[in-house]
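> Take this structure first; my questions come after.
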Amino acid sequence: MFNFLRKHNLRLSIRIRMLALCVLAVIVPMALVAGSSLYFHIRHDQQAMLDNLRLSQHRAEHFFVQHIRQAEILGQHLARTTQPLPFAQIQSHLDSSRDFWFMGMVEIFDELGNLLARSYAPQRNIELYFTSPEDARIAQILDLSIFSDFVLTPGGIAVQSGVPIIDPGTMKTTGVVLVTYPITTRFLQALKNHLLMDVSVINPSDETMSSTLQNPDGKLLDRFWRPFFVDGAAPLPTETFLEETIDSADHAVIFSDLQDNQGKTLAVLAVSANLDRINAGIRESIRFILFSSLGAGILAVFLGLFTATTFTKPLGRLLKTIGLIAGGDLRQQVHIARSDEIGDLARAFNEMTVRLNEQHVDLTRAIDVKNEYAAKLEETASQLERFSKELEQTVARRTTELTSANEKLVLEISERVQAEAELAAEKDHLAVTLRSIGDGVITTDIRGNVIMVNPVAEDITGWSPEAARGKPLGDMLPLVDPDTRAPLANLVVEVLRTGHVVHLTERTALLASDGRLRDMTVSGAPIRDSTGKFRGVVFVVRDITRQRRMENDLLRVQKLESLGLMAGGLAHDFNNILTAIATHINLARNHLQPVDSEAAQRLEKAEKACLRAGDLTRQFLTFAKGGAPIKRNTDLSVLLHSTVQFVLAGTQVQAKFDPPPNLWAVNIDRGQISQVINNLVLNAVQAMPGGGSIDILAANVEIAAGQVQPLPQGRYVSLTFTDHGTGIRGDQISRVFDPYFTTKEMGNGLGLSTAFSIIKKHDGHIQVRSDYGQGAEFQIYLPAESSTVVIERTSPKEKPFGRNQGRILLMDDERIIRESVQELLELQGFTVTGAANGQEAVNLYEQAMRDACPYDVVILDLTVPGGMGGREAIAVLLEMDPRVKAVVSSGYSNDPVMARYRDHGFLDVVAKPYPLNELITVIHKVMNMPESSRPVEN
């Protein structure tokens, strides 16, 4: 519309615009609100009608269930009351009880199906609901079963219940009582009064129906109002909701099936409600909205006219005054006494006219003054013309002199610009060079105050160039002796004194702001000018803390490797010696009589000391080198008790430990786990130098997935060691398991890292918690075995074996071990053959196979200096006899073969030194192993 007005040059006034906006501002929201309200009103009424129909449908179904139950109760009552009566009195009894079935019918048959009596309320076509004596339901009821269901009769659907009449003396069925409620218009009228809605029961076969619906003439409908079931139309699904027009009246109808006990649909129940009341309400709402919108539109027109008049009337006055001012009358004022924006506009306009009038007067006066000055300028121009000629002559003379001087000045400036450019390029090159240098660079003047710092020096010292400039070098770079922390001599003075380069590479450290020392190398050189005079000193600094730490770590690793090699050799030889001693002690005990004498007891203690020494060598190997664990099923409480007692002997620390009696077994390397316990208890003792107590807790735990990282879900045994010492600082907890990290002056930093490595190799987990000053708590998780595992005790009490049988091939390069072990086994009943090396053992085994007298068990020493050891011998024996049963033995328990013996073809392992009962147990175990237990070769 606005484009049309502009195209035809028609003016659209502010009044019309404001009137249109007011009308739109009222009508559009009114229409939106009215439309939304009408929509939600209709939706609400429809939903309420649907909910009411569903509720009525459920009440109708309940109504039918009540009448089925009523028919069943009535049948049972009549069966009891008519049983003792003679046949002649049954009819009169039924007639006298008719008040109980005013809408129904009662029929009584004898056991042969003959009708004895029938009584019913008078209804139209009631005879169509009579039951035939041949009806199968009578025979069903005679079988002593109560029948209650919907039935389809020639008259239509009915609710029927049948009850057998039973003689209490003989418990025989003497007849049948049938109670029937025909679902007729009278029945449905009662249901309508109950529901306050129209009800129809439709026969799907011919669409006839009983209904409370009436046509406009008041006649009840007897057929369905449209072909839903016949003539090819699709049947209605169960619980279908429709809006139907029945005899020119709108109805909401909901359908449901009436089925018998076999699930067969006998009829369709339709509950309907007249929609005239809802539609009348909707029409009334529409009329109200239309009249409301019309009234709002009229109100908007009047409101727009009032608003437009309020704004346009003062604007008209303002426009008239502007016309007068445009005609030249600058004294005009507009008179609008309002306190709104239009009043502000009028007052501002009046102020503007006053200022315009004042400026007009001032401009007139200025023009008069200008005319006076013009006359004087004409007089002065003649004088200037005369002076101009004299000036031209003077300027020409001076120009010649200035030209000569200017040429000299240009030459000097160009030379200076070139020098400054060269100096800037050199400065940029120097800055790039300093930034590119990997070492820190610091320059000072001859007084030792810092002049320049490159980025590397800034990182090393923590001083920015701005903060360091002008500060003494000693403040920025405090160099001290790393041992005494005494400040070093003034480097600037030293360099200027010698006049040469000064190097500080040893015993030099930078004292950082956090109090830590950082190893440094520092070089200083003097700066001279072209005359050789000192202008300052340049220092090159390098942080070598990481380099020194790597050198120290490498040295520690080299020492540890050397210690490991030495420990391995010593442990092998020491364990061989301990084995010889232990076996000879055992032999001596066997020759003593009686066995419980004081000498035998002392020999038993000596043997146990040898075995304990063997544990110490294994712990020493674990500490020095590590190694794969040799796992055994172990009672952890026994191992824990013995290790803790050993560590705490002679200390002022006590252990509080009460393990549960049902602690699960664990599959561990006893020596390595004993070393872990030893390290943790020793760590707690060192944390309490004045004495105290250690709380040790053992428990069975089942861990869910993700509960303890990084452990998988499963069964574990938990060990917790809690001391009451100084604790660990929060910033140190994450580093306690790092190699070489220690908080003790005399510590080596290997105890906890060794414990961490051992627990990890056992597929377990170790963690620490500490409140500084309150003590520390270390917790270990070890995978538990099933409850059915037989536990091998760590310190079993030796018991005598019975006579043993079997051929044993024993290979050991130590003659004293070979002969003593052979004698011990022979005393136990075995037949033992000794071999000094692997080749001899192979030859003896081959000869035994040829003689058809093979060895039952082969015991092979792992290492034989200068000869074939157990590892090479088992490979040859497996080629010769895949069924060979071999045990590996060695004094070097950390050899990988000892931990993964089954991968090399061995069936079990014994580590030197070993007690006799352990060796015999392993022999029996291997001897009785089935073939299925042999490791499968890859």
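Along the chain as shown, residues are numbered 1 onward.
Each residue, glycine too, has its Cβ placed from N, Cα and C.
The following feature annotations were taken from TrEMBL:
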{"type": "COILED", "residues": "370-397", "note": "coiled coil"}
{"type": "DOMAIN", "residues": "309-361", "note": "domain 'HAMP'"}
{"type": "DOMAIN", "residues": "426-499", "note": "domain 'PAS'"}
{"type": "DOMAIN", "residues": "504-556", "note": "domain 'PAC'"}
{"type": "DOMAIN", "residues": "569-786", "note": "domain 'Histidine kinase'"}
{"type": "DOMAIN", "residues": "807-927", "note": "domain 'Response regulatory'"}
{"type": "MOD_RES", "residues": "ASP861", "note": "4-aspartylphosphate"}
{"type": "TRANSMEM", "residues": "288-311", "note": "transmembrane segment"}
> Mean pLDDT for the domain 'PAC' (504-556), rounded to an integer?
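Per the prediction, mean pLDDT sits at 82 for the domain 'PAC' (504-556).
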> Return the count of C-beta atoms lying within 10 angstroms of the C-beta of the residue listed as '4-aspartylphosphate', excluding that atom itself.
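Result for the residue listed as '4-aspartylphosphate': 26 neighbouring Cβ atoms inside 10 Å.
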> DSSP-wise, what's the residue breakdown of the domain 'Response regulatory' (807-927) into helix, strand and coil?
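So the domain 'Response regulatory' (807-927) is made up of 57 helix, 24 strand, 40 coil.
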> Sort the residues of the domain 'PAS' (426-499) into helix, strand and coil with DSSP and give the three counts.
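Grouping H, G, I as helix and E, B as strand yields 34 helix, 14 strand, 26 coil.
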